[in-house]
Amino acid sequence: SCDGTQLCNCSSMGLTFVPPGLTGKITTLNLSHNRIKRIRSQDLQQAVNLRALLLQSNQISSIDEDSFHSLGKLELLDLANNSLAHLSPAWFAQLFMLQHLCLQGNTYRDLGGSSLFSSLRNLSSLHVGNPQFSTVRQGDFEGIHLLDKLWIDGVSLHQYQPGSLKSIMTINHMIIKLRNTTVFSAIVRDLLHSVSWLEAREIALDIPAEIQLLRVMSSSSAAKISLKQALLTDATVPQIVSILEDMPKLVELEMTNCKLSGTGQWEIKIQANQSQTLRVLTIDKLSIEQFYLFTDLKAVEGLVSLLNRVTVTNTKVFLVPCRLSQLLLSLEYLDLSANLLGDQSLEHSACQGGWPSVQTLNLSQNSLSNLKMTGRSLSHLRKLLNLDISQNNFGEIPDVCEWPKSLKYLNLSSTLIPKATTCIPATLEVLDVSANNLREFGLQLPFLKELYLAKNHLKTLPGAAPIPNLVALYIRRNKLSGFSKEEIESFKKLELLDASSNNFICSCDFLSFLHHQAGLAQVLVGWPDEYACDSPLAVRGEPVAAVHLSIMECHRSLVVSLICVLVFLVILILVAIGYKYHAVWYLRMTWAWLQAKRKPKRAPPKDVCYDAFVSYSENDSDWVENIMVRELEQACPPFRLCLHKRDFVPGKWIVDNIIDSIEKSHKTLFVLSEHFVQSEWCKYELDFSHFRLFDENNDAAILVLLEPIQSKTIPKRFCKLRKIMNTKTYLEWPSSEEQQDM
């Protein structure tokens, strides 16, 4: 469970004891959220270089006294939320370097009978107490002189010996959780001059008689007071205010998750001198059940003129009285976010003369709905620099608005505005219009340095010309498909661009631009982890930096063109080869052969009407027609011959005429000559004889050699002609007339 830095995380592993085998290399050991019940002497003996030991949220009820003696370098020890019923000073005797010790959430009722922390000279923060913790005695904190934070969980604390905390000279932040006002008063008395920030939790300040016990606080030199989950009433508020106003060094008052029972009808008018030091007031989540009946706060009008920072949030404020606003003369920062201010109530709250020095105003998460009216209500605030009116439901935005001329920062995020108009002041240096319904942005803002456009519907970067001084652009989670080098370079002063989480189309140009811009990584926020492709589909979700498209994907048009050219060339070559080697002829003959194959091999006897079909070249027609045909047809008995000139059926396909004539003839008579082997149709006729007659191994073919033919002149495809001429007897027409008669 250990990493390279020797941090061993064994949290939530169901361990019931400290695992063996711990070595001196370990610096951090996390054993929290297990079921360990006991820490033994030998468990941590070898972990001599341990700096942090986390044992919180176990079931530890027993620790051997020398369990931590070897941990001389330990700086953090967390034993919170265990079952320790007693604490022993021997545990901490050798922990001279310990800075942070947490003992909260156990079952002990006191800190033991002796000085528990006397050896912890370097202790910086200490957390003690639990719901059963009831007693603090003198000497419990002996040896501690300086603490950054002291946290005492004492909801049941009812016995406190005065002087118990007096030995601590300085405490930067004191957190005490208790309900007993008497004990709280005694603790404050001990810490009058040692605590800088006093934080009280769950204290009940609802009984006027008990508030007098806190009068000692008026002598405290604390600079900050925090009340959390405190209970106040109309009867006790005047006394508390009087005590706080008298504190000589109080600068900041903070109230969080407190409850005020009443409506401001304070029984005794606040009689207090205005604090000359109090400058910061923070109220968050103050619960007032009948807030709608609350008074106009006239009782505190004389106490607010020196405040320069006021925060009142999540408190259902629906109005600030005009008179009170006018008396906040020194106020520079006002936060009224997450309240119920509407357009009319804001106009009254920010009346003429109200908030005269305000520079920062936060009105986010209220009930404002009219942007033009909001601008007009605030236009008289001459010193206003920063305005946050985000998360209000404006919906529409006018073309013209009135704003303070000093305004530099405007937050209009999450206000449902559909477009950016000239209502937005041209004086701005920072504009936030994130999370709206913007589809474009083209405002002329010559002084703008930062522009926030996240979570809109923009498909392109805004133009650079209207915002020439832009330094930072945030446009994440829009619908950007990409951006180019020219678009980025058009922003002359751009130092930071956040365009992550968009619908990037990972085109080749876009990828090439991102991969080859070394300086771009310094400009892009979230690069490269938060930049992913949305398309093409094959790389959707892949980081842009890891995507490298193929040549086909990058230059699709060029590749398709090249493929087309190559296919054309291949076809051209095939045509040339086919022409040279008579491929077309073979194809045509194959088709004719297939047609012929469908017919019966022999025609019925009744269909045979010729003695012979004569196949010859037209160049030999004179000899055929005047000599051979005449002799045969005038013989006794005469032969009936089929001649293409005379007997082919007009309008019928030539190939069919040839096939039919061969089938209807007893013989096929070929008149061979040089012209014959060069004739296209003679080739067909000879081939059909191959298919139909020679395959039957009969003597239906008669060859008459009209003139000598050299073998090399016979085409190779006439292989059967060569074979017949070499194996069978054929007639040869002689040149002498005597032999011709024979």
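Each Cβ is built from the backbone N, Cα and C atoms, and glycine gets one as well.
Just so you know, TrEMBL annotations are computer predictions that nobody has curated.
What TrEMBL says about this one:
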DISULFID  Cys2-Cys8  disulfide bond
DISULFID  Cys322-Cys351  disulfide bond
DISULFID  Cys401-Cys423  disulfide bond
TRANSMEM  558-579  transmembrane segment
DOMAIN    608-742  domain 'TIR'
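The DSSP breakdown of the domain 'TIR' (608-742), given as helix, strand and coil counts, is 68 helix, 23 strand, 44 coil. For the domain 'TIR' (608-742), the model's average pLDDT works out to 80.
Listed in sequence order, Ser1, Cys2, Leu22, Ile26, Thr28, Leu29, Asn30 are the same-chain residues six or more apart from Cys8 (disulfide bond) with CB atoms under 8 A from its CB. Of all Cβ atoms in the protein chains displayed, 20 besides its own lie within 10 Å of the Cβ of Cys423 (disulfide bond). Cys322 (disulfide bond) sits 27 Å from Cys423 (disulfide bond), taking the Cα positions as reference. On a Cα basis, Cys401 (disulfide bond) lies 18 Å away from Cys351 (disulfide bond). Spatially close to Cys401 (disulfide bond) yet at least six residues away along the chain are Leu371, Lys372, Gly375, Arg376, Cys423, Ile424, Pro425, judged by Cβ distances under 8 angstroms.
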